[in-house]
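Peer 1: Quick one: the structure is below, questions incoming.
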Amino acid sequence: MDSEFLELTQLLPRWVDLENVVRGEVEARYILKRAADHLANLRSGGDSGAEETGYLVGALVDRNWERIHTGHFSQVPLVTRKIYAIACCFKIFFLLLESTSPAQKDACSEILDEAQLLGCMEDWSELKVALMDYLDKDGAVALNSAPLPTLEPLTRVTSNCDIPQLDAPSLEEFQTKCFEAGQPTLLLNTIQHWPALHKWLDLNYLLQVAGNRTVPIEIGSNYASDEWSQQLVKIRDFLSRQFGKEPSKAGQNIEYLAQHELFAQIPALKEDISIPDYCTISNEDTPGAVDIKAWLGPAGTVSPMHYDPKHNLLCQVFGSKRIILAAPADTDNLYPHDSEFLANTARIDAAQLDPETYPLVAKVKFYQLLLQPGDCLYMPPKWWHYVRSEAPSFSVSFWWE
C-alpha cells in the first residue's frame, strides 16, 4: 500500500458530512459508515474486515444503479445519485486495497466514469480529480486497438449562408450585432489558436488521451426516433467502430458522442480548447458557469430540429455540418412534440419537409449554412436548429446565460 494511496484516503468525506447526505437511508447509512470507519482505521494501521465491507459497498453500488435505471433519469432523486457516486468512490478504494495492477486501475477508472455519468459528484470534486490523477498515473492499460487514421483537413468550400457572417468580431461588435440583436451569426477566424484544430485530426491522439474512458454513446438515426438508444462504452471501442480503417459493416449503426461534458471528465482535452471571450457577455448580474459539450461522430449523425434555452456557440474543430435554423416565432409552425421530454424538439424533418402532414411548415422561414472547420455559429436562446454532419466531425458547444 503506497503512501500516495493513503493520502488519497484523506480526501474521502468524513462520516459527519456523509450523514447529512444519507439521512433517512438506513442501508446506505450503515454501509457507508462502516466503509468510512474502515478506511479511517486503515490510516492507523488496521486492515481487518476489508473483504466483507468491500462486498457491502459493492452491493450498495448495485442497488442504487438499479434505482437510477428505473424510470426516466431526470426523475431520479438526487440523494440516490449522490449515494451511488460516493459508494462508487468507496468501491474504488476497496478494489485498490486488493490490487493496484494496471488492469485493476482500468476497472476502477471505469467505475469512476460511471460515478460521474450517473451519479452526482459535485460535493466531492477534489476527490474526483485526485482519483483521476492516481488512476491515470503510469497509464492504466496498454491500448490494444488497431491504429486509427489521421484525418485530412477539409479544404474550405464556398457555400451559401443565409445568416450574417462576421470575421473575428470584437466583443463590442458581437454584443451589439449578435447578442443584443438576437441574431444568429456565423463567426469566422475566432478559434484559429486552438491546438485542437490540428491535434484532434490525429485520432490516435484522442485514443491515447481518452481511449480507456467510458462515455455515453447515442445509437440510432437521432434521439427523437423510436429505435434510438444509449450505451456506456469505452472511447477506444467507439473510435474503432466509427473511424477505424476497416470499412464499416453494412447496416452498422451510426454512433454519436453527443452533448457530453467530455472536458470535465477528461481535463487533458480541455487544454486543447479555450472558452471564447464572447461567452462572458451576459444579461445576468452574476453569470453562471459556461456549459461545455462535446459532439463527436462519423458522417451522417443528425440532431433533429430543436432549440436550447441558453445562448449557444457551436464551434467546429474538424469535419463539417449542414445546419438549418428557424426563429422562435415559428415555434407553432414546427410542430413541437407533446411529450414533456421532447417539448423542445420538432416533429418535422427539416431536411425533408412534408407539407401534407405538417401544412403549417410552409409558413416557416428557414436559414441554411455549412459550418466548416474553425467556424463558430452563434445561436440565441430558443432558436430552432437542425444539424447533420457531412463528414466525420468533432464540434464543441458553449452554452451560457
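A Cβ is built for glycine as well, from the same backbone N, Cα and C atoms used for every other residue.
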Peer 1: Swiss-Prot records His306, Asp308 as Fe cation-binding residues. Which of His198, His385 is assigned to the same site?
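Peer 2: Checking His198, His385 against Swiss-Prot: the Fe cation site match is His385.
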Peer 1: Between 0 and 100, where does the mean pLDDT of the domain 'JmjC' (255-401) sit?
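Peer 2: 96, rounded to a whole number.
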Peer 1: In sequence order, which residues at least six apart in the same chain have a CB under 8 Å from the CB of His306 (Fe cation binding site)?
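Peer 2: Asn344, Thr345, Ala346, Trp384, His385, Tyr386 - these are the non-local Cβ neighbours of His306 (Fe cation binding site), listed in sequence order.
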